[in-house]
Amino acid sequence: MEQQNLTFSQRHAQKFNGALIEMISMSLFAYGIVCSNGSDGKIALAFFGSLALCAPISGGHINPAVTLAMWLTRQISTGTCLLYWIAQLIGAFGGAFFCYMILGQINSPMVTDLNFHWIIADFSGEALGSFSFILMILIQCNPRTTFSDKPIASITLIALSLHLSRCYTFHSGGCLNPGMAVALELFQVLKTNEVERLNSMWVFIAGPFAGSIFAVIFFKLIFQPAFNRYYKKA
C-alpha cells in the first residue's frame, strides 16, 4: 500500500521505482515464459523469481489484472495504476524482444478454435483462473486474512496459486495476464505476420480483468466478512 505520510517528491520517487522494477520483472517473466515451453512448473518458478525481485519495492504485481485489483481495493492511486500498466507493457515487450534476439523464438497464447462454445470456454477459463489467482493475492496482501506474514511464504503461496489456477485454462494456455498476452501476441504478429492471432486476443484481456473484478467483489463482500466472523468466534 502506498504510504500517505511521504513528501511529494518521495511519493513520486516511490512510484517511479515501483514502475521500473515492475518493468524489469515483467521482462524477466516474459523471458521465463518463452523459455518454459509451456511447462506449468517452469512458469511458476519464473513467476516466483520475478515476484521475489519486485515485491519489496512495487508490491509485486507483474500483471495488469493484479494492478487493477490493487486499485479497486484502494491500495494504489489511479496514477500509480496507469504508470504500472505502461511499465508492465513495456517490460513484456522487452522480454519478448530479448527472447527473439537471444533464443530466436517467441511463443504467445492463442485460442485455436474460434467456435462460439470454445470462445466462451476459453474466456471463462481465463476469468476463473484469474479469479482464483488474484483472490489468493488479496488474501495474502491483507494483514487480517493472510495465511502467513512471512514474505517468502507469501510469495510461495502466490506462485503456487498461479500454478494451480492455470488448471482452469487447459485449452487457452493459461495466460492470466493481459499485459503479457498483448505484448507476446503483438510481437509474434509483427514477426510472423499471423494477423489471425489477433482475432481472439480479447479473450486474454477481458478474461483476466473480469476475474480480477469478481475476485475483489468476492473478497470484500463474502470472504473477508466470513473470515473475520470465524476468527472472532474462535
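Glycine is no exception: its Cβ is also placed from the backbone N, Cα and C atoms.
As annotated by TrEMBL, transmembrane segment applies to 20-39 (among others).
Among the features that TrEMBL reports, transmembrane segment is placed at 45-70 (among others). Long-range Cβ contacts of the transmembrane segment (45-70) within its own chain (Cβ-Cβ under 8 Å, at least 6 residues beyond either end) map to 1, 17-19, 21-22, 24-26, 28-29, 31-33, 35-36, 76, 81, 84-85, 88-89, 130, 134, 137-138, 141, 151-152, 155-156, 158-159, 162, 176-180, 208-209, 211-213, 215-216.
Same-chain residues lying 6 or more positions outside the transmembrane segment (82-103) and placing a CB less than 8 Å from one of its CB atoms are 15-16, 18-20, 22-31, 33-35, 58, 61-64, 67, 76, 179-180, 182-184, 186-188, 191. Residues or ranges marked as transmembrane segment in TrEMBL: 82-103 (among others).
Taken from TrEMBL, the feature transmembrane segment applies to 115-139 (among others).
Annotated transmembrane segment per TrEMBL: 151-171 (among others), in sequence order. Remote same-chain partners of the transmembrane segment (151-171), defined as residues 6 or more beyond its termini with a Cβ less than 8 Å from a stretch Cβ, comprise 40-41, 43-45, 47-48, 51-52, 55-56, 60, 111-113, 118, 121-122, 125-126, 128-130, 132-133, 136-137, 140.
Per TrEMBL, the feature transmembrane segment maps to 201-223 (among others). Under 8 Å from some Cβ of the transmembrane segment (201-223) lie the Cβ atoms of residues 63-66, 68-69, 72-73, 109, 111, 119, 122-135, 138-139, 145, 172, 175-178, 181-182, 185, all in the same chain and six or more residues away from its ends.
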Lying 6 or more residues past either end of the transmembrane segment (20-39) yet within Cβ distance under 8 Å of it, the residues of that chain are 45-47, 49-51, 53-54, 57-58, 60-62, 84, 87-88, 90-92, 94-96, 98-99, 103, 105-107, 173, 179-180, 183-184
Other same-chain positions with a Cβ less than 8 Å from the transmembrane segment (115-139) and lying at least 6 residues past its termini are 65-66, 69, 73, 145-147, 157-158, 161-162, 164-172, 174-176, 200, 203-204, 206-212, 214-216, 218-219, 223
